[in-house]
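> The domain 'ABC transmembrane type-1' feature in TrEMBL is assigned to 44-330. Sequence annotations record features per position, and here TrEMBL assigns transmembrane segment to 45-68, 80-98, 174-198, 269-291. TrEMBL lists 364-614 with the feature domain 'ABC transporter'.
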Amino acid sequence: MTRPTLRRRSWRRARPGRPAAGALWRAAIGATALAARSSPPVLAAVLLLALLSGALPIAAAWLTKLVLDRIVDHQPGTADLIGLALGLAGASLIVAVLPHPLRYLHAELGRRIARTAQDQLYRAVNDFTGLARFEDPRFLDRLQLAQQAGAGTPEQLVAGTANLLRGVAVVSGFLGSLVTISPTMAVAVSLGAVPVLLAELWLSRRRAETALQVSPYDRREFFYRNLLTSLQAAKEIRLFGIGDFLRDRMRTERTRSDRARRSMDRREALSQTLLGLLGAGIAGAGLIWVVQAAGAGRLTIGDVPMFVAALAAVQGGLAGLVTDVTTTHHNLLLFTHYQAVVNTGPDLPAPGRPVVAPPLRTGIELDDVWFRYDDDQPWVLRGVTLTVRHGEALALVGANGAGKSTLVKLLCRFYDPTRGAIRWDGVDLRDIPATELRRRIGATFQDYMHYDLTGAENIGLGDLSTLPERARIENAARLAGIHDTLRNLPHGYDTLLSRTFMSGEENDTVRVGMTLSGGQWQRLALARAFLRNRCDLLILDEPSAGLDPDAEAEIHDAMREHRAGRTTLLITHRLGAVRDADLIVVLRDGRVAETGRHADLLAADTHYARMFVRQASGYREPEPALPQATE
Ligand SMILES: Nc1ncnc2c1ncn2[C@@H]1O[C@H](COP(=O)(O)OP(=O)(O)OP(=O)(O)O)[C@@H](O)[C@H]1O
């Protein structure tokens with residue numbers, strides 16, 4: 001049966017630089033909802049204060065006009081005039097003070113929104129069942145933009161909306177004032193804003209495209225930057241003297257992104273200079289007209305500062321509105337990437353009719369499994385048919401690149417077979433929810449993790465429910481032969497296993513952590529897998545590669561004890577470790593080349609026998625050379 005597969009092709013087809021108008025509306029609704037959900041009272045306060053800060057300058061300008069006209073009409077000293085002056089002073093006071101609480105509330109809102117957005121984004125990333133998306137550069141580019149947009153866009157959208165509210169209040173108030181003085185001037189100033197708006201919208205689209213264009217350069221720059229400061233890479237970088245080489249590479253990436261950004265900045269500078277000239281021309285003409293009109297007595301003295309304030313406010317306000325609209329437009333374009341990631345859906349098809357994974361009774365069956373990592377990649381598994389029987393220990397051996405670890409990844413359902421099926425007691429793995437399946441599997445991978453956490457946490461991550469149960473963690477550590485090491489650390493199991501972080505910073509008992517040797521880390525990874533002592537399938541991919549001979553023997557004894565009655569899959573190049581396996585499977589170029597027990601395979605002329613003899617000969621002393629017979 002052909003099963004649906006979700007390939008990474010959907011990301012290839014996407015043209016993320018040019019989302020449709022509908023996507024922008026969805027982004028606007030999504031960003032607003034995110035902002036509203038993060039903190040409704042702070043959001044309401046920000047919008048209210050923004051509206052107030054827009055209305056107050058208009059009131060101040062009108063009060064100024066009225067005061068001046070009263071003075072020119074020779075009515076100084078009246079209670080009316082003093083009231084106006086007091087009103088003007090009060091409005092000016094609030095105008096001066098208001099920006100500070102507004103700035104604080106903005107910052108607070110930004111923090112709350114960023115936290116909600118980050119949480120939502122990483123929840124979506126955690127929900128990806130498989131690994132393919134983490135290997136897709138296009139998806140990773142988008143994820144990078146999503147991280148930027150998620151943290152900034154909703155907040156900028158709120159800031160833009162607040163500015164927009166203030167701008168609309170200022171512009172409409174002053175435009176009304178301008179109309180009372182000169183309707184022609186009001187129309188000319190309004191029309192002057194149209195080319196600005198169009199040009200800014202065009203620029204905003206180009207800015208979003210530039211952001212996407214530079215994303216791969218930024219990611220690679222980040223990669224080189226990380227290498228240059230990483231403890232893990234520091235040894236090789238120093239020994240091979242490759243620091244300057246990596247720094248040059250980092251600079252090249254920065255040069256590329258700078259070039260793209262510079263070209264964008266030039267475009268922006270040119271168009272904004274032209275637009276600035278247009279605005280200045282309109283303002284200059286207006287000033288000449290108002291001075292002439294006041295000189296000829298067609299306008300009052302109070303009208304002159306009112307006109308100047310209105311012209312500046314309308315022009316500035318319209319320019320600000322245009323900037324807010326285009327900034328919001330740009331942010332929404334970026335936010336479409338955030339939404340694309342958050343709403344991307346499953347990377348592997350979810351089961352149509354989910355089946356609860358039963359405890360393994362019969363075994364796991366691979367039925368003509370073909371697999372390649374992508375449509376344009378070579379086949380890695382080519383028709384593997386194999387049964388891992390319940391309670392048996394199966395050993396998978398074969399040359400580098402034969403496909404052993406790939407097969408393990410398919411068993412854990414990090415990928416689905418391209419063709420064929422894997423069945424758990426007859427149930428297709430694709431019908432079992434991935435979290436259910438993985439609850440039944442314990443594993444150490446070839447590229448196991450070192451977590452910069454305490455010893456207990458490093459083991460407890462294997463089964464989070466055991467974190468408060470020190471006894472279970474210690475049992476797993478004993479089985480993996482790491483208990484004494486952890487116990488003797490300065491703070492026992494609570495010692496931080498890291499040289500890049502410190503522990504106790506929150507309660508002033510700062511202490512630097514320790515780190516372990518390669519083999520000790522490997523034992524820790526094994527303890528993590530052993531912690532799942534109720535799992536049905538234990539997968540051990542090169543579990544003893546970093547261990548000394550005594551440790552290896554000790555660990556193999558422990559594994560034998562631990563896997564008793566449990567189904568085990570062991571991958572190793574150390575063939576001495578697989579002698580007692582119930583079944584040895586030799587994988588060659590993605591195919592099952594040989595199967596059998598150790599003794600049977602050794603007795604026949606098999607590839608396994610040749611590998612075993614070659615490896616064993618490395619441990620034997622060469623035969624002493626016989627003395628040459630002399631005539
Ligand atoms: N994530 C991946 N994307 C693309 N190709 C991959 C990926 N992982 C492995 N491969 C390719 O699949 C092939 C099999 O790799 P795999 O890791 O399964 O081999 P292996 O038998 O475990 O080898 P080893 O003994 O060296 O660990 C290799 O040719 C490798 O290049």
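Note that Cβ sites are derived from N, Cα and C of the backbone, with glycine treated the same way.
TrEMBL: automatically predicted annotations, no manual curation.
Note that this is a predicted model, so its numbers are computed, not measured.
Walk me through the surroundings of each of these features.
With a cut-off of 8 Å between Cβ atoms, the residues of this chain six or more beyond the transmembrane segment (80-98) that come close are 49, 52-53, 56-57, 59-60, 63-64, 66-67, 70-71.
Panel annotation: around the transmembrane segment (174-198), residues 58, 61-62, 275, 278-279, 282, 285-286, 289-290, 293, 299, 303, 306-307, 309-311, 313-315, 317-319, 321-322, 325-326 of the same chain, lying at least six beyond its termini, place a Cβ under 8 Å from a Cβ of the stretch.
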> Mind checking which residues reach the transmembrane segment (45-68)? Cβ under 8 Å, same chain, six or more beyond either end.
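Contacts of the transmembrane segment (45-68) (Cβ under 8 Å, skipping residues fewer than 6 from its ends): 81, 84-85, 87-88, 91-92, 94-95, 98-99, 101-102, 105-106, 109, 158, 161-163, 165-170, 173-174, 177, 301-303, 305-306, 309-310, 313.
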